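Taking it in order: structure first as C-alpha coordinates, then the write-up.
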Amino acid sequence: MAKTHNVTEFIFLGLSSNPEVQKVCFVMFLLLYTAIVLGNLLIVLTVMSSRSLGSPMYFFLSYLSFVEICYASTTVPRLISDLLAERKAISLWGCMTQLSFLHFFAGTEIFLLTVMAYDRYVAICKPLSYTTIMNRRVCAFLVGAAWVWGLVHSLAQILLIFHLPFCGPNVIDHYFCDVLPLLKLACSDTVLIGLLIVANGGTLSVISFVVLLASYVVILLHLRTRSSAGRRKALSTCGSHVTVVTLFFGPCIFIYLRPSTTLSVDKTVAVFYTVITPLLNPVIYSLRNAEVKKAMKRLWVRAMKLEER
(Lines of atoms letter the chains of each structure in order from A and count residues from 1; the text may use other names and numbers.)
(Lines give C-alpha, C1' and ligand atoms only; values in the text may rest on other atoms or scores of the structure.)
Protein backbone atom coordinates (compact mmCIF):
# COMPACT_ATOMS: atom_id res chain seq x y z
CA MET A 1 0.00 0.00 0.00
CA ALA A 2 2.85 2.39 0.84
CA LYS A 3 4.39 1.88 -2.60
CA THR A 4 1.23 2.70 -4.48
CA HIS A 5 -0.18 5.32 -2.13
CA ASN A 6 2.69 7.65 -1.30
CA VAL A 7 0.07 10.40 -1.09
CA THR A 8 -1.67 10.28 2.30
CA GLU A 9 -3.86 13.34 1.80
CA PHE A 10 -5.30 15.55 -0.90
CA ILE A 11 -5.63 19.33 -1.01
CA PHE A 12 -8.78 20.92 -2.44
CA LEU A 13 -8.52 24.19 -4.35
CA GLY A 14 -12.20 24.79 -3.61
CA LEU A 15 -14.54 27.08 -5.49
CA SER A 16 -12.44 30.23 -5.19
CA SER A 17 -9.13 31.46 -3.78
CA ASN A 18 -10.52 34.95 -3.07
CA PRO A 19 -11.12 35.35 0.71
CA GLU A 20 -14.02 37.75 0.22
CA VAL A 21 -15.71 35.45 -2.27
CA GLN A 22 -15.20 32.54 0.13
CA LYS A 23 -16.98 34.43 2.94
CA VAL A 24 -19.94 35.18 0.68
CA CYS A 25 -20.03 31.57 -0.48
CA PHE A 26 -19.89 30.36 3.14
CA VAL A 27 -23.05 32.27 4.05
CA MET A 28 -24.80 31.31 0.82
CA PHE A 29 -24.06 27.58 1.01
CA LEU A 30 -24.85 27.45 4.72
CA LEU A 31 -28.30 28.84 3.96
CA LEU A 32 -28.74 26.53 0.97
CA TYR A 33 -27.75 23.44 2.97
CA THR A 34 -30.11 24.40 5.79
CA ALA A 35 -32.90 24.78 3.23
CA ILE A 36 -32.04 21.38 1.69
CA VAL A 37 -32.24 19.58 5.03
CA LEU A 38 -35.36 21.37 6.27
CA GLY A 39 -37.20 21.19 2.93
CA ASN A 40 -36.60 17.50 2.33
CA LEU A 41 -37.17 16.66 6.00
CA LEU A 42 -40.51 18.48 5.81
CA ILE A 43 -41.57 16.23 2.93
CA VAL A 44 -40.50 13.09 4.84
CA LEU A 45 -42.45 14.16 7.94
CA THR A 46 -45.47 15.23 5.89
CA VAL A 47 -45.70 11.88 4.10
CA MET A 48 -45.15 9.91 7.31
CA SER A 49 -47.80 11.84 9.26
CA SER A 50 -50.50 12.18 6.61
CA ARG A 51 -52.98 9.39 5.85
CA SER A 52 -53.96 11.08 2.58
CA LEU A 53 -50.40 10.57 1.28
CA GLY A 54 -50.40 6.81 1.68
CA SER A 55 -50.07 5.92 -2.01
CA PRO A 56 -46.85 4.39 -3.40
CA MET A 57 -45.99 7.66 -5.17
CA TYR A 58 -45.60 9.48 -1.86
CA PHE A 59 -43.91 6.47 -0.28
CA PHE A 60 -41.18 6.72 -2.92
CA LEU A 61 -41.12 10.51 -2.63
CA SER A 62 -40.34 10.33 1.09
CA TYR A 63 -37.42 8.00 0.42
CA LEU A 64 -36.20 10.24 -2.40
CA SER A 65 -36.21 13.22 -0.02
CA PHE A 66 -34.30 11.22 2.59
CA VAL A 67 -31.72 10.21 -0.03
CA GLU A 68 -31.41 13.87 -1.09
CA ILE A 69 -30.51 14.86 2.48
CA CYS A 70 -27.86 12.13 2.64
CA TYR A 71 -26.58 12.90 -0.86
CA ALA A 72 -26.11 16.61 -0.17
CA SER A 73 -24.55 15.85 3.21
CA THR A 74 -21.65 13.97 1.60
CA THR A 75 -20.24 17.14 0.01
CA VAL A 76 -21.92 20.35 1.20
CA PRO A 77 -20.89 20.36 4.92
CA ARG A 78 -17.29 19.78 3.87
CA LEU A 79 -17.56 22.57 1.29
CA ILE A 80 -18.94 24.96 3.93
CA SER A 81 -16.18 24.21 6.46
CA ASP A 82 -13.44 24.45 3.80
CA LEU A 83 -14.62 27.91 2.76
CA LEU A 84 -13.27 29.25 6.07
CA ALA A 85 -10.19 26.99 6.20
CA GLU A 86 -6.78 28.14 5.06
CA ARG A 87 -5.71 24.60 4.19
CA LYS A 88 -8.41 22.44 2.61
CA ALA A 89 -6.96 18.97 3.23
CA ILE A 90 -8.62 15.56 3.29
CA SER A 91 -6.96 12.23 4.05
CA LEU A 92 -6.72 9.47 1.44
CA TRP A 93 -9.20 7.34 3.37
CA GLY A 94 -11.48 10.32 3.91
CA CYS A 95 -11.41 11.00 0.19
CA MET A 96 -12.30 7.40 -0.66
CA THR A 97 -15.07 7.42 1.95
CA GLN A 98 -16.58 10.60 0.52
CA LEU A 99 -16.35 9.17 -3.00
CA SER A 100 -18.06 5.92 -2.01
CA PHE A 101 -20.95 7.61 -0.17
CA LEU A 102 -21.42 10.15 -2.98
CA HIS A 103 -21.90 7.43 -5.58
CA PHE A 104 -23.87 5.22 -3.20
CA PHE A 105 -26.55 7.86 -2.73
CA ALA A 106 -26.38 8.97 -6.38
CA GLY A 107 -26.92 5.39 -7.59
CA THR A 108 -29.78 4.96 -5.13
CA GLU A 109 -31.41 8.17 -6.37
CA ILE A 110 -31.12 7.10 -10.00
CA PHE A 111 -32.92 3.84 -9.24
CA LEU A 112 -35.59 5.60 -7.15
CA LEU A 113 -36.32 8.08 -9.93
CA THR A 114 -36.71 5.19 -12.36
CA VAL A 115 -39.02 3.38 -9.93
CA MET A 116 -41.12 6.54 -9.54
CA ALA A 117 -41.53 6.72 -13.31
CA TYR A 118 -42.67 3.09 -13.36
CA ASP A 119 -45.13 3.87 -10.56
CA ARG A 120 -46.64 6.70 -12.62
CA TYR A 121 -46.82 4.43 -15.67
CA VAL A 122 -48.78 1.78 -13.75
CA ALA A 123 -51.03 4.39 -12.08
CA ILE A 124 -51.96 6.06 -15.36
CA CYS A 125 -51.86 3.23 -17.88
CA LYS A 126 -53.14 0.41 -15.65
CA PRO A 127 -55.27 2.14 -12.99
CA LEU A 128 -57.50 -0.88 -12.27
CA SER A 129 -54.48 -3.05 -11.43
CA TYR A 130 -52.49 -0.32 -9.68
CA THR A 131 -53.09 -1.39 -6.07
CA THR A 132 -52.38 -5.01 -6.97
CA ILE A 133 -49.17 -4.34 -8.87
CA MET A 134 -47.79 -1.66 -6.54
CA ASN A 135 -48.64 -3.32 -3.24
CA ARG A 136 -46.66 -2.73 -0.05
CA ARG A 137 -44.40 -5.72 -0.55
CA VAL A 138 -43.48 -4.64 -4.08
CA CYS A 139 -42.83 -1.05 -2.96
CA ALA A 140 -40.60 -2.24 -0.10
CA PHE A 141 -38.74 -4.53 -2.50
CA LEU A 142 -38.16 -1.71 -5.00
CA VAL A 143 -36.83 0.62 -2.30
CA GLY A 144 -34.53 -2.16 -1.06
CA ALA A 145 -33.38 -2.78 -4.63
CA ALA A 146 -32.58 0.94 -4.95
CA TRP A 147 -30.27 0.77 -1.91
CA VAL A 148 -28.63 -2.41 -3.23
CA TRP A 149 -28.14 -0.85 -6.66
CA GLY A 150 -26.57 2.22 -5.08
CA LEU A 151 -24.18 -0.03 -3.14
CA VAL A 152 -23.18 -1.98 -6.25
CA HIS A 153 -22.58 1.22 -8.21
CA SER A 154 -20.54 2.70 -5.36
CA LEU A 155 -18.40 -0.42 -4.94
CA ALA A 156 -17.67 -0.50 -8.66
CA GLN A 157 -16.49 3.12 -8.63
CA ILE A 158 -14.39 2.81 -5.48
CA LEU A 159 -12.71 -0.42 -6.63
CA LEU A 160 -11.71 1.22 -9.90
CA ILE A 161 -10.19 4.22 -8.11
CA PHE A 162 -8.73 2.78 -4.91
CA HIS A 163 -6.10 0.59 -6.56
CA LEU A 164 -4.71 3.46 -8.63
CA PRO A 165 -1.25 4.65 -7.51
CA PHE A 166 -1.17 8.19 -6.09
CA CYS A 167 2.41 9.37 -5.75
CA GLY A 168 2.01 13.11 -6.30
CA PRO A 169 0.90 15.81 -6.94
CA ASN A 170 -1.98 15.77 -4.49
CA VAL A 171 -3.88 18.98 -5.34
CA ILE A 172 -7.47 18.47 -6.51
CA ASP A 173 -9.01 21.33 -8.48
CA HIS A 174 -12.43 20.70 -6.96
CA TYR A 175 -14.31 20.98 -3.67
CA PHE A 176 -14.90 17.24 -3.16
CA CYS A 177 -13.40 13.89 -4.15
CA ASP A 178 -14.75 12.47 -7.39
CA VAL A 179 -13.54 10.01 -9.96
CA LEU A 180 -12.42 12.35 -12.75
CA PRO A 181 -10.27 14.70 -10.61
CA LEU A 182 -8.66 11.64 -8.98
CA LEU A 183 -7.93 10.03 -12.34
CA LYS A 184 -6.04 13.17 -13.28
CA LEU A 185 -3.71 12.69 -10.26
CA ALA A 186 -3.02 8.97 -10.72
CA CYS A 187 0.57 7.96 -11.50
CA SER A 188 -0.36 5.42 -14.18
CA ASP A 189 -2.20 5.05 -17.45
CA THR A 190 -5.89 5.58 -16.70
CA VAL A 191 -7.41 5.20 -20.17
CA LEU A 192 -8.95 1.80 -19.45
CA ILE A 193 -10.09 2.87 -15.97
CA GLY A 194 -11.64 6.00 -17.48
CA LEU A 195 -13.58 3.92 -20.01
CA LEU A 196 -14.83 1.61 -17.26
CA ILE A 197 -15.93 4.60 -15.19
CA VAL A 198 -17.81 6.03 -18.18
CA ALA A 199 -19.42 2.62 -18.71
CA ASN A 200 -20.42 2.42 -15.05
CA GLY A 201 -21.47 6.00 -14.38
CA GLY A 202 -22.22 7.69 -17.68
CA THR A 203 -23.87 4.76 -19.42
CA LEU A 204 -25.96 4.04 -16.33
CA SER A 205 -27.21 7.63 -16.36
CA VAL A 206 -28.00 7.58 -20.08
CA ILE A 207 -29.81 4.22 -19.98
CA SER A 208 -31.87 5.27 -16.96
CA PHE A 209 -32.66 8.62 -18.57
CA VAL A 210 -33.77 6.95 -21.82
CA VAL A 211 -35.95 4.47 -19.90
CA LEU A 212 -37.52 7.36 -17.99
CA LEU A 213 -38.21 9.34 -21.16
CA ALA A 214 -39.65 6.27 -22.88
CA SER A 215 -42.00 5.63 -19.96
CA TYR A 216 -43.31 9.20 -20.14
CA VAL A 217 -43.77 9.00 -23.89
CA VAL A 218 -45.99 5.96 -23.31
CA ILE A 219 -47.84 7.85 -20.57
CA LEU A 220 -48.42 10.87 -22.83
CA LEU A 221 -49.74 8.65 -25.62
CA HIS A 222 -52.08 6.96 -23.16
CA LEU A 223 -53.36 10.31 -21.84
CA ARG A 224 -54.83 11.18 -25.24
CA THR A 225 -57.83 9.02 -24.35
CA ARG A 226 -58.41 10.67 -20.97
CA SER A 227 -60.66 13.60 -20.11
CA SER A 228 -59.14 17.07 -19.90
CA ALA A 229 -59.37 17.05 -16.08
CA GLY A 230 -57.67 13.64 -15.90
CA ARG A 231 -54.94 14.80 -18.25
CA ARG A 232 -54.26 17.93 -16.19
CA LYS A 233 -53.96 15.96 -12.94
CA ALA A 234 -51.70 13.31 -14.47
CA LEU A 235 -49.54 15.86 -16.27
CA SER A 236 -49.13 17.88 -13.07
CA THR A 237 -47.75 14.88 -11.21
CA CYS A 238 -45.63 13.67 -14.12
CA GLY A 239 -44.39 17.19 -14.84
CA SER A 240 -42.88 17.46 -11.38
CA HIS A 241 -41.07 14.16 -11.82
CA VAL A 242 -39.82 15.00 -15.32
CA THR A 243 -38.44 18.32 -14.03
CA VAL A 244 -36.56 16.60 -11.20
CA VAL A 245 -35.24 13.91 -13.56
CA THR A 246 -33.96 16.51 -16.04
CA LEU A 247 -32.28 18.58 -13.31
CA PHE A 248 -30.51 15.51 -11.93
CA PHE A 249 -29.57 13.59 -15.07
CA GLY A 250 -28.54 16.54 -17.25
CA PRO A 251 -25.46 17.53 -15.21
CA CYS A 252 -24.59 13.89 -14.43
CA ILE A 253 -24.56 12.95 -18.11
CA PHE A 254 -22.42 16.01 -18.88
CA ILE A 255 -19.85 15.06 -16.21
CA TYR A 256 -19.65 11.28 -16.55
CA LEU A 257 -20.41 10.51 -20.19
CA ARG A 258 -17.24 11.88 -21.70
CA PRO A 259 -13.52 11.02 -21.75
CA SER A 260 -11.73 11.11 -18.39
CA THR A 261 -10.82 14.80 -18.54
CA THR A 262 -11.69 17.68 -16.24
CA LEU A 263 -13.02 21.03 -17.43
CA SER A 264 -13.09 24.42 -15.71
CA VAL A 265 -16.88 24.38 -15.78
CA ASP A 266 -17.06 21.05 -13.90
CA LYS A 267 -17.16 22.67 -10.47
CA THR A 268 -20.09 24.86 -11.48
CA VAL A 269 -21.95 21.88 -12.88
CA ALA A 270 -21.14 19.90 -9.73
CA VAL A 271 -22.68 22.64 -7.56
CA PHE A 272 -25.83 22.24 -9.60
CA TYR A 273 -26.28 18.49 -9.03
CA THR A 274 -24.94 18.35 -5.46
CA VAL A 275 -26.64 21.50 -4.10
CA ILE A 276 -29.25 23.02 -6.41
CA THR A 277 -31.07 19.82 -7.39
CA PRO A 278 -31.56 18.58 -3.78
CA LEU A 279 -32.75 22.09 -2.92
CA LEU A 280 -35.29 22.30 -5.74
CA ASN A 281 -36.79 18.81 -5.36
CA PRO A 282 -39.02 19.59 -2.34
CA VAL A 283 -39.99 22.94 -3.88
CA ILE A 284 -41.00 21.32 -7.17
CA TYR A 285 -42.99 18.51 -5.58
CA SER A 286 -44.75 20.69 -3.00
CA LEU A 287 -45.63 23.61 -5.28
CA ARG A 288 -46.98 21.43 -8.11
CA ASN A 289 -48.89 18.98 -5.92
CA ALA A 290 -52.09 20.13 -4.21
CA GLU A 291 -52.27 17.07 -1.95
CA VAL A 292 -48.76 17.67 -0.60
CA LYS A 293 -49.55 21.34 0.07
CA LYS A 294 -52.74 20.43 1.93
CA ALA A 295 -50.91 17.81 4.00
CA MET A 296 -48.20 20.33 4.86
CA LYS A 297 -50.84 22.83 6.03
CA ARG A 298 -52.44 20.18 8.24
CA LEU A 299 -49.04 19.27 9.67
CA TRP A 300 -48.37 22.96 10.40
CA VAL A 301 -51.75 23.37 12.12
CA ARG A 302 -51.11 20.31 14.31
CA ALA A 303 -47.64 21.60 15.19
CA MET A 304 -49.10 24.99 16.20
CA LYS A 305 -51.74 23.36 18.38
CA LEU A 306 -49.12 21.25 20.14
CA GLU A 307 -47.00 24.35 20.71
CA GLU A 308 -49.99 26.21 22.24
CA ARG A 309 -50.50 23.38 24.72
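Just so it is clear, glycine is given a Cβ too, placed from its N, Cα and C backbone atoms.
Curation plays no part in TrEMBL annotations; they are all automatic predictions.
According to TrEMBL, the feature transmembrane segment maps to 26-48 (among others).
The domain 'G-protein coupled receptors family 1 profile' annotation in TrEMBL covers 39-285.
Long-range Cβ contacts of the transmembrane segment (60-80) within its own chain (Cβ-Cβ under 8 Å, at least 6 residues beyond either end) map to 14-15, 26, 29-30, 32-33, 36-37, 40-41, 43-44, 47-48, 90, 98, 101-102, 105-106, 108-109, 112-113, 115-116, 119, 139, 142-143, 146, 175-176, 274-275, 277-278, 281-282, 285. As annotated by TrEMBL, transmembrane segment applies to 60-80 (among others).
Feature annotation from TrEMBL assigns transmembrane segment to 100-118 (among others).
Only residues 6 or more beyond the boundaries of the transmembrane segment (138-162), in the same chain, are considered here, and those with a CB under 8 A from a CB of the stretch are 56, 59-60, 63, 96, 99-101, 103-112, 115, 179, 182-183, 193, 196-197, 200-201, 204. TrEMBL lists 138-162 (among others) with the feature transmembrane segment.
The transmembrane segment feature in TrEMBL is assigned to 191-223 (among others).
Residues annotated as transmembrane segment in TrEMBL: 235-257 (among others).
Sequence-distant contacts of the transmembrane segment (269-287) (same chain, six or more residues past either end, CB-CB distance under 8 Å): 15, 29, 32-33, 35-36, 39-40, 42-43, 61, 64-65, 68-69, 71-72, 75-76, 174-176, 178, 240, 243-244, 247-248, 251-252, 254-255, 293, 296. Among the features that TrEMBL reports, transmembrane segment is placed at 269-287 (among others).
Using a Cβ-Cβ cut-off under 8 Å and counting only residues 6 or more beyond its ends in the same chain, the transmembrane segment (26-48) has close neighbours at 58-59, 61-62, 65-66, 68-69, 72-73, 76-77, 79-80, 83-84, 275, 278-279, 281-283, 285-286, 292, 295-296, 299. Across the domain 'G-protein coupled receptors family 1 profile' (39-285), the model assigns an average pLDDT of 83.
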